[in-house]
């Protein structure tokens, strides 16, 4: 049994954020699973499934009802002079609606597959990885804390824009429903990213074990082929779980990323109009730039989660090459290492949404360039309406 790694303040904060996410998800019906102490597994709760579906679709229905609390008095002049803004805003609202519906219907219809995946991850950690951890994974805590803070920032940013616009007629109850829907979508996406970071921690643990065995071989000590086979089996199981997990969240996560991109284009366009027409300094410095920065940060962090897992998977192949420096390897060990290396070269740990694109830093830079290009196109197309007379 390896010595338990030291865990500091950041680990306690990450543990607290995970528990807070769990309780918030239960409250909103986004995590329809309970722990069965008898079987020591998660089970589907029909009550939570029904509660979550009725609550969230009901909130979406309330949001879609016509109301008088919108910022129409404030935006009507901007819409009349810049009709393209209204069209872009309508598009963002449609994509956001589809994202919310896809998220909640996916939770309802794919709950059986999801609970199977979670139980498998739970059993892998309990039976294998709890005995393999050599050190504490600080990256895990870092990303968990960042993601949960970002959810708070996203909601706070939206509240600031919604209530910070002057001379607007608002109804608090409708605003409350709108932001409950937003929190539901953000938490649903957070579930996917938390599962991703758990997979990262497991692969990181496998890499640590492989590196320890490689150093053991360099010191002239014998490496047990059974341990290599166990790590190979665990790695293959994680790849399968990763593929099934990505298939469940394909559509909601893709729509969420499209929502962030389109919202960034709209906010940047509005910010240019505000700047050109010399609106108040509060509008320029407080309302819209912070929303743009937070949305970009959210989009980039979503990409960083997947990039972290992919880069850690590449490190597995690099670590396996270290065994080539060893001498006098027995045939069984060499065969196990060859099978592991061949598997890593043919099946990479990557996230491909809807079969269209891989989520990594390369695609992230392309998304940023696409945001900038679409903004330039909008400014050129609507150039004559940017300046108010």
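Here, residue 1 is simply the first one shown, and the rest follow in order.
Heads up, the Cβ atoms here are built off N, Cα and C, so glycines get one too.
The transmembrane segment annotation in TrEMBL covers 47-67 (among others).
Listed as Cβ neighbours of the transmembrane segment (88-109) (distance under 8 Å, sequence separation of 6 or more from its ends, same chain) are residues 30, 32, 49, 52-53, 56-57, 60, 64, 181, 184-185, 188-189, 248-249, 251-252, 255-256, 258-259, 262-263, 265-266, 269, 378. If you look up TrEMBL, you'll see 88-109 (among others) marked as transmembrane segment.
Summarising the annotation, TrEMBL assigns transmembrane segment to 144-165 (among others).
Feature annotation from TrEMBL assigns transmembrane segment to 177-200 (among others).
Remote same-chain residues near the transmembrane segment (253-277) are listed as 78, 82, 84-85, 88-89, 91-92, 95-96, 98-99, 102-103, 185, 189, 192, 283-284, 288-289, 291-292, 295-296, 298-299, 302, 353-354, 356, 367, 370-371, 374-375, 378-379, 382, 386-388 (criterion: CB distance under 8 Å, separation of at least six residues from the stretch ends). The annotation transmembrane segment is assigned in TrEMBL to 253-277 (among others).
If one looks beyond the transmembrane segment (284-305) by at least 6 residues along the same chain, the residues whose Cβ comes under 8 Å of a Cβ in the stretch are 143, 146-147, 150, 153-154, 157-158, 160-161, 164-165, 189, 193, 196-197, 200, 253, 256-257, 260-261, 263-264, 267-268, 270-271, 274-275, 359-361, 363-364, 367-368. Among the features that TrEMBL reports, transmembrane segment is placed at 284-305 (among others).
Per TrEMBL, the feature transmembrane segment maps to 365-383 (among others).
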